[in-house]
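Asker: Got a structure here, written out as structure tokens. Questions coming.
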């Protein structure tokens, strides 16, 4: 059996998903493809890495196989018996660009196992299994947005997701006359995972200091009670949630000018308040600001490198791509990579 699961890009709502906040992602037309078949032992093969790993029983290797192994462990924890299988994986999702290739791999694995063994679990349960794999087995304290989007994606729609209640709404993504591109900075600073976890701790500290159970109970008034650093972190989360709500409204009204402005202000907040951007992504966003036909841009993903999402009028980005590429190369001696992004449906059999 063969399945595919898409990556995702988040239009807006960055670092809100683990704070019970709102997000506005959509599934993208880049996928992890996965084949599953019965086997005498567990065999995991990656076409992209040209590598095969065999194991008698599931174990943690601190490698790409952990995403698959973690999913199998999560099924077993729920009492499902997963006998040995051969899983072959290939992908046209760029790694590290902020399109969430890991969640796509987890989602493809969860869906394939559920169907192959006849468990036929509902999608939401598979989302929870996939996230558990990343949090408990791989050890990255992610929110639920990435796995949710890979499962529930719908072509020509974004998903307005409340990560606290998991209530969601499909918002039409009518891009006629507009386009979304991803610029990959091709840098990943060492800080990324340690600082990501540190931001999570800081947000937990905000709640502890304020005596609140959830960020949804935090108000602007509460910010005054916080020490400086925590105040900045909390202010970002509160204002980013407001930006998501405004962005949903803008999308519904087809108001891409407003959406673009919200992207720029999201980036400023990630740079100045949450402090997770870096010189390279700041350079890209600053370069794009004020250019003809460019409506908005911001860093996407955990930060400290990765990608920048760009919203523009159709054809406008194409005109300045080379200039951006050259300016970036002159400054950082690094080549940029560009991806035009289109929406896609969620995980499915092929």
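Glycine too: its Cβ is placed from the backbone N, Cα and C atoms.
Copied straight from Swiss-Prot:
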type	residues	note
SITE	8	site 'Transition state stabilizer'
BINDING	14, 15, 16, 17, 196	substrate binding site
BINDING	46, 96, 97, 98, 99, 100, 101, 102	ATP binding site
BINDING	102, 134	Mg(2+) binding site
ACT_SITE	146	active site, proton acceptor
Asker: Would you give the longest CA-CA distance, in whole angstrom, between residues of 46, 96, 97, 98, 99, 100, 101, 102, the set recorded as binding ATP?
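Answerer: Comparing all Cα pairs, the maximum is 20 Å.
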Asker: Name the residues of the same chain, 6+ apart in sequence, whose Cβ is under 8 Å from the Cβ of residue 14 (substrate binding site)?
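Answerer: For residue 14 (substrate binding site), the qualifying residues are 240, 266, 270, 274, 298, 299, 300, 301.
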Asker: Taking 14, 15, 16, 17, 196 as the record's substrate-binding set, what's the max Cα pairwise distance in Å, rounded to a whole number?
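Answerer: Spelled out: the longest distance between any two Cα atoms in 14, 15, 16, 17, 196 is 13 Å.
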Asker: Quick one: which of these recorded positions, 134, 146, 196, have their CA within 10 A of residue 46 (ATP binding site)?
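Answerer: Passing the 10 Å Cα cut: none.
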Asker: Using the Cβ centroid of 14, 15, 16, 17, 196 as the reference point for the substrate site, which residues of the same chain not in that list have Cβ within 8 Å?
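Answerer: These residues sit around the substrate site: 13, 18, 19, 21, 143, 199, 240, 302.
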Asker: Measuring Cα to Cα, how far is residue 16 (substrate binding site) from the residue listed as 'active site, proton acceptor' in Å?
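Answerer: With distance taken Cα to Cα, the residue listed as 'active site, proton acceptor' is 12 Å from residue 16 (substrate binding site).
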Asker: Where does residue 17 (substrate binding site) sit in DSSP terms: helix, strand, or coil?
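Answerer: Where residue 17 (substrate binding site) sits, the three-state DSSP reduction gives helix.
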Asker: Indicate the candidate from 46, 102 with the smallest number of other Cβ atoms within 10 Å of its Cβ, considering only these binding-site residues.
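Answerer: Lowest Cβ count within 10 Å among the binding-site residues (46, 102) is 46.
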